Amino acid sequence: MKETAASKTHAHHAATPEVKNVLVLQGGGALGAYHIGAYQALHELGFEPDWVTGISIGALNAAVLATNKPEDRLRKMVEFWEDIARPDGAAASYSGAYRAMYNKSVVAKSMLQGLPNFWTPRVNVMMGMGGVEVQFANPTETSYYDTSPMLDTLRRHCNFAWHNQGHGARLSLGATRVDTGKLEFFDSLNCQIGPAHALASGSLPPGFPATEINGKYYWDGGCVTNTPLQAVLDDTHETADLRVFMVDLWGAHGRLPTTMDGVAWRQKEIQYASRMDQHGTLRKYQKLFGRLLHSPECAGIHGLLHGWAEEVLGRRLRNIDIHTITYRHTGEESSFSDAEFSAGSIKRRREMGYVDMLEKLDRVQAAEQAVQRHPADTRKVTS
C-alpha cells in the first residue's frame with residue numbers, strides 16, 4: 001500500500017477527557033471494503049476510535065471493530081472480509097473491460113448461488129417471482145435470501161461477550177423499525193449488543209429478511225438514512241469534544257450519466273449519499289456556541305453558555321469536528337458493484353480507503369496544529 005510521510009510518523013492521538021475519536025461508517029454493501037483501509041490509516045496514526053457508529057455494511061464493520069481489542073481490530077476486519085469474498089482465481093490478473101465483465105459475472109453468481117458466509121437463496125420465494133405468490137407466517141422468511149449464515153460469521157469475528165462486559169469501543173448501530181418506519185439506534189451504553197443487532201442494521205429488503213429483536217422487526221437502517229451521523233449529533237451522553245471521521249461509500253455529487261448503467265449507479269449515489277445539509281442548522285448552532293465558549297471574551301459566562309446549549313441542543317456544549325472521505329467510482333464499477341464481493345475488488349477498495357484517509361489525516365493534523373498555535377482565531381476544525 002502507498003505510504004505517506006504521515007503514515008510513517010505514527011503520531012499518537014488517543015482520546016483524552018477533552019477529545020474522543022468517533023468513526024461513522026456508511027452503508028454500501030461490498031463497497032464497505034473501503035472502510036478497512038480507512039480504519040487502517042486511523043489505527044496506524046493513532047486515531048483509534050472510542051466510539052463506532054454504523055448502518056448496513058457499516059454496522060457489520062462497526063461491530064467487528066468495536067468488539068475487539070485495538071491491536072486485533074484490523075486483523076479481525078480483514079479476516080471478516082476474507083470470509084465473505086469470492087476468490088478471483090485466474091481472473092486476478094484481469095483489468096479494464098475484462099475486469100468489468102468479470103465483476104458483473106461475480107454479481108450474477110452471487111445472486112443465483114448466494115455468497116459464502118453471508119446469504120443463501122430461498123428457492124420457494126424465488127418461485128414466487130414467476131407469479132406464484134407465497135404467503136409466510138414468519139416475517140423473517142419474507143425475502144429472496146436467507147442471511148442466517150452472517151450470524152455465525154459475526155460470532156467468529158466479534159467478541160460480543162467481552163464487549164458487553166464494558167470493554168472495547170462504544171457501539172451504535174442504526175436499524176429501521178418495520179412497523180413504525182422510524183430509525184432506531186442500538187447503543188452499547190444502554191443495551192447488550194449481539195450479532196442480531198448488527199444483522200438488523202443490514203437487513204435490506206426485499207433481498208434480506210427483517211431481523212427480530214425483542215419481538216420487534218427491523219430492516220436496514222438505510223431505508224431511512226444511510227449515514228449514522230444522527231447518533232452522534234443527537235447524543236446526550238458524551239461530554240467531551242468529538243473528532244468525527246465519517247467514511248462515506250456514496251457521493252452526493254457526480255457527473256450526468258450517459259449510459260443506462262450509469263443512470264442506475266447515479267440514482268443509488270443520490271439515494272444513499274449523506275445529507276449533511278439536513279444537519280446544517282444544528283451544526284451552525286454548535287459552531288456558534290463553540291466559538292463563544294472558547295473565546296477569551298466569554299470566559300466569565302461559560303455556565304450561561306452551557307445552559308443555553310442545553311436549552312437549544314438538549315445537551316451541554318461540546319465541539320464536534322467532522323472529517324469526511326468518500327469512495328470514488330472507478331471504470332471497473334457497475335450499478336451492481338455494491339453486491340460485487342470479488343477478492344480483487346475488495347483489495348482495491350481497501351487500498352483506496354487507506355490512501356484517502358491518510359491524505360485526510362494530513363490535513364486534520366495540520367489544521368489542529370494551526371489551532372494550537374493560534375487558539376483565539378478559531379476553535380472549529382474542518383476538512
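Yeah, the Cβs are placed from backbone N, Cα and C, and that goes for glycine too.
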Among 27-32, 225-230, 333-338, where does TrEMBL put the label motif 'GXGXXG'?
27-32
Between 49-53, 54-58, 299-303, 324-328, which stretch does TrEMBL give the note motif 'GXSXG'?
54-58
What Cα-Cα separation, expressed in whole Å, is found between Asp220 (active site, proton acceptor) and Ser56 (active site, nucleophile)?
6
Go through Ser56, Asp220, the listed active-site residues, and name the one with the sparsest Cβ surroundings, counting other Cβ atoms within 10 Å.
Asp220
